[in-house]
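> So that we are looking at the same thing, I have put the structure below in structure tokens.
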Amino acid sequence: MSYNVTIEPTGEVIEVEDGQTILQAALRQGVWLPFACGHGTCATCKVQVVEGEVDIGEASPFALMDIERDERKVLACCAIPLSDLVIEADVDADPDFLGHPVEDYRGVVSALVDLSPTIKGLHIKLDRPMPFQAGQYVNLALPGIDGTRAFSLANPPSRNDEVELHVRLVEGGAATGFIHKQLKVGDAVELSGPYGQFFVRDSQAGDLIFIAGGSGLSSPQSMILDLLERGDTRRITLFQGARNRAELYNCELFEELAARHPNFSYVPALNQANDDPEWQGFKGFVHDAAKAHFDGRFGGQKAYLCGPPPMIDAAITTLMQGRLFERDIFMERFYTAADGAGESSRSALFKRI
């Protein structure tokens, strides 16, 4: 049994299979509704039911309050149709978004690389190429691990038959612990994707700033490789933050790219390097490196941020003080079920991010 869901104001119609959520069906049919967490805690995918009956699912009471339930609002990531539906969604069409449909893939681990003491590079050969846009992510399923985990793609879209993921070891994390300690080359895994709307806005003028911290380097790496492969002539500057030299990974890749491409600059920053006499680069936090590099003036540029929430919030503050605005700054924040829907899970400065 399946039901048709009409999405207003665009008028698009999707077919939702029995037991499938509205969001799952939409993404797999190339219809991109706003979403973030995917499990009912952040409220990004809230929509209005205009006609029809729906099971609201396991939506958090913080993300979907009682009064909103009475008003027939639902979270698309949890809601399962019980009849044909008409819903109203805040669909913000972006001319630069390619909207590749989400599909399921099988893969085999082709390489495991120690990028740093806490970050491992996971390479997976897929059963077929996966079209995606640089900056997007996949949901990875692992043997014996409940649920899926989201990891950004580090490879460029031109190499879409083998994906590269950067996995930071999280203390107590079942999935990251499994990847770091048990997963082996040749093991079979499954994944779905692509997900996410973190991508370079090619139609928008302005030079590009990338600020990355930790394993958050993955998306900027994919974006920068894609831009340079396509011959983009805008000035591109990557600021990569880490605690120390051991945690600063793939620096040789970006140094080599900077040597070959005059429009690309690479600025690494270490925030625990005061006792490292051999470190000749920037000493301090990565947002301060960006401020120093541009003398605190960022006007006319577009910024893409990826990393731990404290780094992102500090970078947003620095960029806005340097005359960038909400429309100039892009990021994607991953949520876990433990994050809840509190204000701390979003930027205190922007409504959009």
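Each Cβ is built from the backbone N, Cα and C atoms, and glycine gets one as well.
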> Which single residue out of Cys77, Cys78 does Swiss-Prot record at the [2Fe-2S] cluster site shared with Cys37, Cys42, Cys45?
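My reading of Swiss-Prot gives Cys77 as the candidate in that site.
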> Within 10 Å of the Cβ of Cys45 ([2Fe-2S] cluster binding site), how many other Cβ atoms can be counted across all chains shown?
26
> Tally every other Cβ atom lying within 10 Å of the Cβ atom of Cys77 ([2Fe-2S] cluster binding site).
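The Cβ of Cys77 ([2Fe-2S] cluster binding site) has 28 Cβ neighbours within 10 Å.
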> With every protein chain in view, what's the tally of Cβ atoms within 10 Å of the Cβ of Cys37 ([2Fe-2S] cluster binding site), excluding that atom itself?
24
> Quick one: DSSP breakdown of the domain 'FAD-binding FR-type' (102-201) into helix, strand and coil?
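Going through the domain 'FAD-binding FR-type' (102-201) residue by residue, I get 8 helix, 45 strand, 47 coil.
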> Averaging the per-residue pLDDT over the domain '2Fe-2S ferredoxin-type' (3-93), what integer do you get?
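Looking only at the domain '2Fe-2S ferredoxin-type' (3-93), pLDDT averages out to 94.
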> Give the number of CB atoms, excluding that of Cys42 ([2Fe-2S] cluster binding site) itself, located within 10 Å of its CB.
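By my count, 24.
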